[in-house]
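So that you can see what the record holds, here are the features copied from Swiss-Prot:
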- 75-86: compositional bias 'Acidic residues' (COMPBIAS)
- K210: SUMO2 cross-link (CROSSLNK)
- K213: SUMO2 cross-link (CROSSLNK)
- S21: phosphoserine (MOD_RES)
- T75: phosphothreonine (MOD_RES)
- S77: phosphoserine (MOD_RES)
- T86: phosphothreonine (MOD_RES)
- S101: phosphoserine (MOD_RES)
- S104: phosphoserine (MOD_RES)
- S135: phosphoserine (MOD_RES)
- S136: phosphoserine (MOD_RES)
- S159: phosphoserine (MOD_RES)
- S183: phosphoserine (MOD_RES)
- S185: phosphoserine (MOD_RES)
- S249: phosphoserine (MOD_RES)
- 56-115: region 'PSIP1-binding' (REGION)
- 201-223: region 'MYC-binding' (REGION)
- 9-33: motif 'Integrase domain-binding motif 1 (IBM1)' (MOTIF)
Amino acid sequence: MELATRSQIPKEVADIFSAPSDDEEFVGFQDDVPMQNLSESCGSLDSRELEKQQNVCFRSKYFTEELRRIFKEDTDSEMEDFEGFTESELNMSSNPELMESELSDSDKAYPVMNDAEEDDEEEAAPRRGRSTRRSSFGLRVAFQFPTKKLARTPDKDSSHLLDSKTDLRRKKSSRQPKGKEDSASDAEDESRAESQENSDALLKRAMNIKENKAMLAQLLAELNSVPDFFPVRTPPSASRRRTPRRAFSEGQITRRMNPTRSARPPEKFALENFTFSATKLTEELYSFRRRKTISGGKCQTYRRHRISSFRSVKDITEEDLENIAITVRDKVYDKVLGNTCHQCRQKTIDTKTVCRNQSCGGVRGQFCGPCLRNRYGEDVRTALLDPKWTCPPCRGICNCSYCRRRDGRCATGILIHLAKFYGYDNVKEYLESLQKQL
């Protein structure tokens, strides 16, 4: 920073600094320090006013009785006195740019300080405050410059701050290896304790095993001493020993898949011998013919009986007619009391037809209402009241699965819907139309 003007310090200002104090005389400025350097530092602090004035003159109105009283007062500390400026402080005052850079560096370094540095700085703060106030107090009162804040911190304070920072860093760096050493020592102690515990557990386990083995051996010895617990077994005699079976090495032995059992009945159990010899057969035929000739040639004939009961028209009651099933929903299934229909083979309790043919009987002539109407176009009520009615099997028109299979034909299945689709009332007419077309 270039100074606008350079002027010498007036005589009055020099007299103030050279005047003796209460406790110790002020020796004055050193001889080796030129007065021109001090004047340059003063001019740098008041650069704004010096730019406007080429010839700066000292104004005596600033030196009042109060100013003189302030300089004559005792310092803050009785043990510490002001001994004047050193050469480094004077050089610092001659280079204001260096002062500003150090001040800015110190201001930037303050936020980065940790808690430990703040604690250490709080202890050093009273001393710095006193020295700062003492060193900058005279300049502030003597010169009344507007830029006094820039040059308020001297080199001594900055050097003290730097020394304190370096000491704190050294302490911090010394603490870190100590902390690492402490953690390493703690880990070693823990590992030693664990190994000691493991060794103690293994030792205790070995002792327990040894004690258990000794106790078991003692118990076995006591049991062996009592003969009742362990009776002596005599080896079997040589005569009772079974002779080992001879192994067959000739040929391959086939595995028995179905071995014989003691509970299985013998072969040909409950079987009759139907084989006849020729002589015995001729004897039987001869005896049969002889009996026939003795009886006069008339053989006894047996009358064929109907399996089912024959019911005439007079035996049909009104209750039987009301019990006729018109649709499939009217049919009630009963496997005990019901009778079977020849067409559908379902055992129901509804009234069915009765064939009037003397040679027909049983299930052959029984048809339920839905089957007789859909398959043949007839009514059960009319069939029961007709004394000459015969069943479809007797007439040779039965189209059930059994009768068609007997005739060498396949079963038709449910054809009533298809027959009605083509305009026929029953399956018999539909099958007859198909037979005519073929």
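Cβ from N, Cα, C; glycine included.
Shown for the region 'MYC-binding' (201-223): DSSP residue counts in helix, strand and coil, namely 23 helix, 0 strand, 0 coil. Around S183 (phosphoserine), no same-chain residue six or more apart in sequence has its CB under 8 Å from its CB.
In the three-state DSSP assignment, the secondary structure recorded for S185 (phosphoserine) is helix. Annotated pair K213 (SUMO2 cross-link) and S185 (phosphoserine), C-alpha to C-alpha distance, rounded: 42 Å. Distance from the CA of K210 (SUMO2 cross-link) to the CA of S185 (phosphoserine) is 37 Å.
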